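Features of the protein shown, as given by TrEMBL:
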DOMAIN    51-376  domain 'Amidohydrolase-related'
BINDING   GLU130, HIS193, HIS214  Zn(2+) binding site
BINDING   ALA141, ASN217, ALA218, ARG225, HIS248, LEU304, ALA305, GLY306  substrate binding site
ACT_SITE  ASP271  active site, proton donor/acceptor
Amino acid sequence: MAVKCITNGNIILKDRVLQGKSIIYNEKIIQIVENNVLSKDIETIDVEGNYISPGFIDIHVHGAKGFDVMDGRIDGIEAISKSLCNHGVTGFLPTTMTMPVEDIHKALDVVKDSMEVEFNGSKILGAHLEGPFISPKYKGAQNEKYVLSPTIEIIKPYLDIIKIITIAPEMDKNHIFIKSMNVNKNMILSIGHTNSTYEEAMSAIEDGIKSATHCFNAMTPLHHRNPGAIGAILNSDIYCELIADTIHVHPALFNILEKVKGEDKIILISDAMRAACMKFGDYDLGGQKVLVSHGKATLEDGTLAGSLLTLDKAVKNMRAHTKLKLEKIIKMVTINPASAIGIDSMKGSIEVGKYADFTVFNENMDILYTVVEGNLCFRKEF
């Protein structure tokens, strides 16, 4: 790959914003230099004073552009990949749902095959298994008919691609599954869709749970005499996914969560379903009818059914509803998710030797350019 340059921007690092510098890269970042030492012969993107961020990483996304991961279609994964790229996402985990095991296997087979294909879009980093190991009581928009107790046999053929498994720990007797999976350093277990008590949740965290799936949603709530799963999540050092669309979670909780967990443990996710980036109307989610209107996706009984969120909008919402510095919010869509799934040595921050994943945006959070492993995959038309 030819050597390229991105210049004249505010470069967002993990702890500060860097000015007056340019990034030299091919597939990976080669060096960061002063603007005035650039060669005129090098292919250059001039971002005209806008922000250069590490590429956004979405570790929980079901679909977009009319496609769902559970469709089990490579062209569907490609459409999702390209749609996410338009919103600054350079890497993502296609996320499954609670459906028949053969459907889950088909979806994971397609994810595995898609990882070998160049889509000129967001990079597939693995898979997130959300269901079937969940609580029937807190199933959310998933189908109770296909809920199962966790067993390694179901996922064994896919241990090389699964990065996250969402699990209701009370469904795992004696935490046999949790303990067995905890030895696998290439994936993490995430508590979610759970009816666990505070004590059950804390015990599961001690036995190996490393994250919480869409914190506050589909889990036992906080009560002063029964802290529930939320209490355990807040009283531990595990990561927390957050759907910052102001629909799934009241924006006042954005600040509260950051004060309790700190900027390094929050991961903004989209939890987007197939209607993301589409018009209002009727859609399907795991075989269930979903009504999409006024920015919200619900089942016919009113249950929230995933979101229509994109990560650029999540960042914008966090800026609007908190007083956090931009670089702190950006960590929640870059280095935090990368660290959670164990790829932070390669992705998640702008450092020499890491992949050249960049998201360029303006003050209004409009995505201007998306660069994935050195390739320009999106450029906003003006």
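Keep in mind that glycine also has a Cβ here, set from the backbone N, Cα and C atoms.
Locations of recorded TrEMBL features on the structure.
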{"residue": "GLU130", "record": "Zn(2+) binding site", "Cβ within 10 Å": "28"}
{"residue": "HIS193", "record": "Zn(2+) binding site", "Cβ within 10 Å": "29"}
{"residue": "HIS214", "record": "Zn(2+) binding site", "Cβ within 10 Å": "25"}
{"residue": "ALA218", "record": "substrate binding site", "Cβ within 10 Å": "26"}
{"residue": "ARG225", "record": "substrate binding site", "Cβ within 10 Å": "4"}
{"residue": "HIS248", "record": "substrate binding site", "Cβ within 10 Å": "19"}
{"residue": "ASP271", "record": "active site, proton donor/acceptor", "Cβ within 10 Å": "27"}
{"residue": "LEU304", "record": "substrate binding site", "Cβ within 10 Å": "20"}
{"residue": "ALA305", "record": "substrate binding site", "Cβ within 10 Å": "27"}
{"residue": "GLY306", "record": "substrate binding site", "Cβ within 10 Å": "31"}
Taking 8 Å from the centroid of the Cβ atoms of GLU130, HIS193, HIS214 as the cut-off, which other residues in that chain fall inside it around the Zn(2+) site? HIS60, GLY131, ILE134, GLY140, GLN142, THR166, SER190, GLY192, THR213, ASN217, ALA218, ASP271
In three-state terms from DSSP, label ALA305 (substrate binding site) for me. coil
Using Cα-Cα distances with a 10 Å cut-off, which of the recorded positions ASN217, ALA218, HIS248, ASP271, ALA305 are near HIS193 (Zn(2+) binding site)? ASN217, ALA218
HIS214 (Zn(2+) binding site) and ARG225 (substrate binding site), distance between Cα atoms, whole Å: 23
Can you give me the Cα-Cα distance between ASP271 (active site, proton donor/acceptor) and ALA141 (substrate binding site) in Å, rounded to a whole number? 12
So for ASN217 (substrate binding site), how many other CB atoms are inside 10 Å of its CB? 19
In the predicted model, what is the mean pLDDT computed over the domain 'Amidohydrolase-related' (51-376)? 95
HIS214 (Zn(2+) binding site) and ALA141 (substrate binding site), Cα-Cα, nearest whole angstrom: 13
Do me a favour and check the Cα-Cα span between ASN217 (substrate binding site) and GLU130 (Zn(2+) binding site); whole Å is fine. 13
Including all protein chains displayed, how many Cβ atoms other than that of ALA141 (substrate binding site) lie within 10 Å of its Cβ? 21
